[in-house]
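Some features that TrEMBL has for this protein:
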| type | residues | note |
| --- | --- | --- |
| DOMAIN | 1-128 | domain 'TIR' |
| REGION | 131-155 | region 'Disordered' |
| COMPBIAS | 132-144 | compositional bias 'Basic and acidic residues' |
| TRANSMEM | 158-177 | transmembrane segment |
| REGION | 183-215 | region 'Disordered' |
| COMPBIAS | 192-213 | compositional bias 'Pro residues' |
Amino acid sequence: MTDVFISYKKEDAGRVMRLVEALRAEGFVVWWDHGIAAGSEWDRSIHQELYAAKVVVAVWSKASVGAPWVKEEALVGKNRGILVPVKIDEVEPPLGFMMIQAANLVDWQGDRSDPRWLGFLNAVGAVSRNEPVPRMDAPQRRPDPPAAPPATGPKRGLAIASTLFGALLIGLAAMWGPTLIGQRTATSQPSSPGPAAPAPAQPAPPAAPPPISPSEQALWDKAMAEKTRSAFQSYLLAYPNGAYVQRVRDILLTCRTETSEVWKEGPAVANQMLRGVGDTSGGMTPIQACDKAKNDVRAMAKNLCHTIVHNGGFRNPRWTVQDKDCDCESPNSRVTICKADLPYSCLWDMKYTERLEICG
């Protein structure tokens, strides 16, 4: 039977796991909904465990105070008189729960000797035994572990029979003991010592774990740095029996979806043609007229790229202009006209919304 039902928000699973394991280490049977697939079975399991538990622990956090189902489960615990709230963030409980004292485990790191933990533990133990709940901010001592259930049925009858039989033997010994002891003293002979019993075999020491290879350590370090589901799954695929497998499995239980905005290179305007023109009427040579035509194209490409980026809300404009020979012709003996038809490309960075599964 479940002792403690934990109500929490999925985003807090990593911190709630520390609470679950500590309660289990104290001897409580704890239920929370990790490992149950969503659907009718999930709903039925929650309903069954919620109404069977001796204690309902509502975990108040920035994420959970606005979660309807956490408040609904906490309300069931309140109505049954078995609610023990606990805060893991500095938040006010939702309306309807402000009058119930909540244990303060903000920034608690799993220390089971912490007075705050002992206050919470005493409250959980008192509610599970249907006793008055002590104030959680009073001086605390470690409570006794949960008592084992009393023996019932055949086991209890067997214990009573054993007690009666022992009393009968004591009475017989009082009546016949002196006679029997005298006879044994007169007739018994010292027995010759037999061969010594062999010493019990000592268990072999546990084998040392294999060393962690540099490649496994590097993949683990990479997963811990990225903290994404894909990174941890890559470790499991590469090292299914690795040194960090259990830690990876525990961390994967805490994954949550997060969105973030990132800047990435956007689509390009490529191979667009621009024309520049230069002539020798101002005293330039044909070579100088060609250079002027090319420089005009480069200036136009820069202005066009900046305009695209500015109007689109992009950033980091980058442009390139390909170099080609000018097409120069002389309509008369006094002037030469040079045309530069050059392709250009424009690149920029755009803002994208990414969805990542972050774990831990």
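Just so you know, glycine gets a Cβ as well, placed from its N, Cα and C.
Predicted-model confidence for the domain 'TIR' (1-128) is 90, expressed as mean pLDDT. Residue counts for the domain 'TIR' (1-128) by DSSP state, with H, G and I taken as helix and E and B as strand, are 56 helix, 19 strand, 53 coil.
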